[in-house]
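S.K.: Please find one structure pasted underneath; my questions will follow.
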Amino acid sequence: MAGNGVFVDIIEGDVFKYYSEGEWKKSASGKSVAIINPTTRKTQYKVQACTQEEVNKVMEVAKTAQKSWAKTPLWKRAELLHKAAAILKEHKAPIAECLVKEIAKPAKDAVTEVVRSGDLVSYTAEEGVRILGEGKFLVSDSFPGNERTKYCLTSKIPLGVILAIPPFNYPVNLAVSKIAPALIAGNSLVLKPPTQGAVACLHMVHCFHLAGFPKGLISCVTGKGSEIGDFLTMHPGVHCISFTGGDTGVAISKKAGMIPLQMELGGKDACIVLEDADLDLAAGSIVKGGFSYSGQRCTAVKVVLVMESVADALVEKVNAKVAKLTVGPPEDDCDITPVVSESSANFIEGLVMDAKQKNATFCQQYKREGNLIWPLLLDNVRPDMRIAWEEPFGPVLPVIRINSVEEGIHHCNASNFGLQGCVFTKDINKAILISDAMETGTVQINSAPARGPDHFPFQGIKDSGIGSQGITNSINMMTKVKTTVINLPTPSYTMG
């Protein structure tokens, strides 16, 4: 159970502590933040409401710890990361339990997230040793007008203190995707977990604590965004921000100042289905891509753009698969579980009601109980409907019928988002042309959008983000280049 066994130190009474200076602490504020169980809609956990003074202290110790950590050999950093990964996977059950109760993630998917996170940490350790152990060597006479009198050596050095802000939907996986690259690169790390998912993150951080990382190197502060959110993102002690979430990231980017930013801010991932597509493959991918974890994924299929000539057949196949989806509590491993909050459910319902008023075709009856929304496919959606453009982050999927590939590409590119897209066709040449034309960070051919595997580059354009993720790219963006030039009195090739 959460807060028991090896995790007993992270809770006192009914409030989970925050992590600073290698210790679990109670906030001087004396206040806590409630975490509501999406299924019961009752308080499940409480976390500390940290103060700005406590944030200042965290930043101070993170700066000091980073200086020593940067001098720690790469192999030693990797060794500790491998140890943390093993501990994380060993204690997957209580962490998964938190995910079930905090964010209504189906039980099996919750376990998968923790195991995947451990694998990510281990892979990052290995990749970091490879890419950070290499540098570049340049000679001056490769540039016109120069003799070989200068040798240039370049290496990658840490940025300093990294601020990591993961989202609610994958709080553990998207936290470690920031933590592990930061640490292997020689940085210190301050984690601000989402409110929903905070307790799972605290358990994960304790696994790093048990692995024996130096005090102050990793910190985790919890609290209200209104009190410490801007204070964290604008803090002069932060040298890089890695954020995954919604349009809050736009505000962060405007306030952050001259530091590197890595941001993934959502998407309206389009699925284009052509006449020659394998409709069974497309239908299966659409249902999995659109309804997994109740559609609460940045890379979920958010709109289907299907050629009119095959639309009826595709919709029929999708509806048949939707009918087989199970609906209920996450403890029962249902396909569709409650969305994360009442406000999210209300937003989704607003999109549905707008589509209803504008005469979209409801392939299923709209049904909602509390935060639980039954899966819904909306056919004959038009561009004047909100659901055609806005990201529902729920189990509602619009279908827009198109008469040409160009029409589908135009709709995709007219979106303010540009995270991922996909195309289903048996013509690889046409698929590549469409991929080049789609204004998205990634295009999947004959598969639904997806973030993984975790070592693949992952990025969005337009309002979907800044920079690129994926293990290698994250390590690189959390470092800077250091150049050392050796100056010779005479060209090196003159001897002999």
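Just so it is clear, glycine is given a Cβ too, placed from its N, Cα and C backbone atoms.
Not my notes, these are from Swiss-Prot:
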BINDING   Arg116, Asn169, Tyr170, Arg297, Cys298, Thr299, Arg451  substrate binding site
SITE      Asn169  site 'Transition state stabilizer'
BINDING   Lys192, Thr195, Asp230, Glu391  NADP(+) binding site
BINDING   Gly245, Gly246, Asp247, Thr248, Gly249  NAD(+) binding site
ACT_SITE  Glu264  active site, proton acceptor
ACT_SITE  Cys298  active site, nucleophile
S.K.: Closest of the binding-site residues to Asp247 (NAD(+) binding site), Cα to Cα, picking from Cys298, Thr299, Arg451?
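M.R.: Result for Asp247 (NAD(+) binding site): the nearest of the binding-site residues is Cys298.
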S.K.: Which ones in the same chain are close to Glu391 (NADP(+) binding site), with CB under 8 Å and 6+ residues apart in sequence?
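M.R.: Those within reach of Glu391 (NADP(+) binding site), by Cβ under 8 Å and sequence separation of 6 or more, are Gly266, Gly267, Lys268, Lys302, Phe417.
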S.K.: On the three-state reduction of DSSP, what should I expect for Gly249 (NAD(+) binding site)?
M.R.: helix
S.K.: Enumerate the residues of the same chain, Gly245, Gly246, Asp247, Thr248, Gly249 excluded, that satisfy the criterion Cβ within 8 A of the mean position of the Cβ atoms of the recorded NAD(+) site; list them in sequence order.
M.R.: Phe243, Val250, Ala251, Ile252, Leu265, Gly266
S.K.: Relative to the Cα of Glu264 (active site, proton acceptor), which of the binding-site residues Asn169, Tyr170, Thr299 has the closest Cα?
M.R.: Thr299
S.K.: Out of the binding-site residues Gly249, Arg297, Cys298, Thr299, Arg451, give me the one sitting nearest to Lys192 (NADP(+) binding site) by CA distance.
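M.R.: Result: the closest of the binding-site residues to Lys192 (NADP(+) binding site) is Gly249.
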S.K.: Hey, does DSSP put Arg116 (substrate binding site) in a helix, a strand, or just coil?
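M.R.: Its secondary structure by DSSP: helix.
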S.K.: Output, ordered by sequence, the same-chain residues six or more apart from Asp230 (NADP(+) binding site) with a CB under 8 Å from its CB, or 'none'.
M.R.: Lys255
S.K.: Taking each of the binding-site residues Gly245, Gly246 in turn and counting other Cβ atoms within 10 Å of its Cβ, which one has the fewest?
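M.R.: Gly246, out of the binding-site residues Gly245, Gly246, has the fewest neighbouring Cβ atoms within 10 Å.
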S.K.: For Gly249 (NAD(+) binding site), what residues in its own chain, 6 or more apart in sequence, show a Cβ-Cβ distance under 8 Å?
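M.R.: Gly249 (NAD(+) binding site) has long-range Cβ partners Phe243, Met263, Glu264, Leu265, Gly465.
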S.K.: State, in Å as a whole number, the widest CA to CA span among the substrate-binding residues Arg116, Asn169, Tyr170, Arg297, Cys298, Thr299, Arg451 given in the record.
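M.R.: Largest pairwise Cα separation, rounded: 18 Å.
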S.K.: What's the number of neighbouring CB atoms sitting within 10 A of the CB on Asp247 (NAD(+) binding site)?
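M.R.: There are 12 such Cβ atoms around Asp247 (NAD(+) binding site).
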